[in-house]
């Protein structure tokens with residue numbers, strides 16, 4: 001039992017002091033993980049120079065690996081080293097991985113010609129991959145152990161305090177996440193280097209590495225106060241063998257002539273003790289409940305992962321620049337969690353209990369899943385509003401700036417960080433100037449008549465944009481065809497927010513101006529031969545999108561409410577229903593549902609491409625409602641157990657069982673001996689008779 005290895009720790013407000021070391025450790029570790037992850041895609045794109053798709057794929061693979069390795073950590077903890085040593089050793093691996101990542105981002109290591117660009121990119125790629133693998137092993141390996149180790153610090157009669165601990169634990173996760181996603185990008189934006197100053201990825205990775213070292217030190221400092229549950233041998237192998245034997249034994253005795261047993265695991269009684277069988281039953285009951293849960297994480301992962309549906313929805317709305325919007329999307333969730341967790345624990349749950357409602361953990365999780373489904377319905381309603389105002393650009397989903405070159409010569413245009421060359425467009429049949437009204441067909445397959453008005457000289461510019469044949473009527477160009485001026489249509493591509501343009505002609509003369517392009521807007525700029533800011537003519541082709549990003553707040557609120565009700569409860573439920581020797585294994589099983597949810601996002605969700613985005617949201621919401629109903633029905637048949645009491649009963653029964661087994665063996669032995677003696681005596685009689 002736990003009392004055998006419990007060190008009595010001093011308490012504060014009914015909580016063991018040891019848990020404060022665990023909470024601080026978790027805060028520092030999560031700061032380290034989310035801080036590194038916040039700039040990882042940018043590191044891939046701008047330091048390693050990877051393509052967007054490849055960078056996102058490696059990112060998702062790394063995240064999935066971080067949620068698959070908990071199984072390994074759980075096996076090590078429950079079967080071999082114990083939770084405490086597992087956390088220590090894998091935290092060292094984790095810290096080394098973070099340091100390797102920071103070193104891989106130092107461009108000066110291979111920058112022999114001191115031009116600010118690494119000369120051996122293979123070295124940096126190899127080093128960063130080694131770092132990420134070590135981080136995945138470390139963070140994944142300790143993930144199931146830390147939560148379970150925290151739960152171990154409480155006595156069986158401290159159920160309420162243990163529930164509060166899991167809430168505080170979840171708060172520390174999100175506090176670390178919030179601060180790191182704000183601070184790390186700021187660190188990356190700094191300039192550093194020995195020979196040349198570049199964006200400071202070493203600092204952005206170095207600070208998380210330092211926090212991981214702090215996390216390790218804090219955890220070790222509390223060592224003398226911890227309750228340390230010893231490992232129970234190779235428990236996972238025992239469980240697998242026990243299940244395998246029960247299945248094979250049941251198959252051998254499948255005939256109706258054999259009496260049925262209460263549970264199929266009871267067929268393992270011939271070989272395994274009843275305590276192990278009872279523990280396996282408890283684990284299998286919970287794992288069966290976990291089967292529908294990945295669908296929740298599939299929806300949950302749509303909110304702020306780069307390239308996910310909700311972030312893509314944000315790119316079609318009016319608001320901050322995309323780079324800022326992604327940052328704000330990553331911070332809004334932890335902010336809401338920090339607000340909602342105390343509200344749920346201090347106000348909502350107590351009110352529900354006062355209303356005499358039995359709001360069990362599984363009912364909470366069901367409600368959490370329902371909130372997530374409603375969040376996607378809200379996202380669908382927002383998408384319908386976006387679709388009504390979103391312009392149908394052929395090659396961009398943000399804003400467009402088009403330039404028409406009225407100068408007889410090539411121009412160089414700098415738009416934000418990009419540089420372009422705008423060649424003159426030779427006057428051909430695509431350039432028509434008329435003084436009188438006329439009618440013409442722009443597209444033979446779909447004739448359209450354009451009537452030019454009377455009055456001043458009017459110029460019609462026709463140019464191909466993507467696959468669409470576009471045309472625009474412009475008046476009063478202050479130019480004549482016989483002057484030989486040329487026209488061209490220039491599309492900057494995707495631009496959003498305030499952007500500065502610098503135009504330079506062949507003589508080196510420059511003209512600069514700045515414009516704020518509202519989201520979804522399209523502007524055309526005419527560059528005249530006078531070549532000055534005040535003479536550049538601006539035409540607003542499409543007004544900016546009017547749907548603001550703030551309309552996403554309700555769906556984020558609903559999803560985060562669902563997360564708090566579902567995830568915090570799931571953590572506590574996984575611990576409370578697990579046998580003492582399989583706490584980490586069941587925590588790993590819980591985290592495995594997150595990994596499966598990530599895999600569904602990567603594979604299955606991408607296959608469900610519907611023509612309308614709102615329909616995709618409704619599809620996801622419908623699937624989760626269906627899963628929610630299935631889970632609710634499963635929960636109705638679930639019987640809550642107290643693993644400690646069940647284990648205590650079997651431990652008390654074991655001596656009696658052993659005595660019974662020994663008595664049975666003795667009886668059997670005596671029967672065998674008496675059988676042998678009777679056989680012997682009968683043989684003697686036969687011998688005597690034959691002699692007579």
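For all residues, glycine too, the Cβ spot is worked out from N, Cα and C.
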Requested in this report: Check each of the ranges 365-386, 387-408, 409-430 against TrEMBL and return the one annotated as transmembrane segment.
Outcome: 365-386
**Report entry** The annotated transmembrane segment range in TrEMBL, which must be one of 259-277, 316-334, 335-353
**Finding:** 335-353
Query raised in the report: In TrEMBL, which of 163-183, 436-456 is labelled transmembrane segment?
Result: 163-183
**Report entry** Residues of the parent chain within Cβ reach of the transmembrane segment (365-386), under 8 Å, 6 or more residues beyond its termini
**Finding:** 295-296, 299-300, 302, 309-310, 313, 316-317, 545, 547, 551-552, 554-556, 558-559, 561-567, 569-570, 573, 612-615, 617-618, 620-622, 624-625, 627-628, 631-632, 635
Requested in this report: Select the range from 87-109, 163-183, 282-300, 585-605 that forms the most Cβ-Cβ pairs under 8 Å with the transmembrane segment (54-75).
Outcome: 585-605
Query raised in the report: By Cβ distance under 8 Å, which residues at least 6 away from the ends of the transmembrane segment (335-353) in the same chain are close to it?
Result: 164, 167, 170-171, 174-175, 178, 359, 556-557, 560-561, 563-565, 568
**Report entry** Range from 203-226, 585-605, 617-640 with the greatest count of C-beta pairs under 8 A to the transmembrane segment (282-300)
**Finding:** 585-605
**Report entry** Surrounding residues of the transmembrane segment (12-34) on its own chain - C-beta under 8 Å, 6+ positions past either end
**Finding:** 66, 91, 94, 98, 135, 139, 142, 146, 149-150, 153-154, 158, 161, 164-165, 168-169, 172-177, 179-181, 208-209, 211-212, 214-216, 218-219, 221-222, 225-227
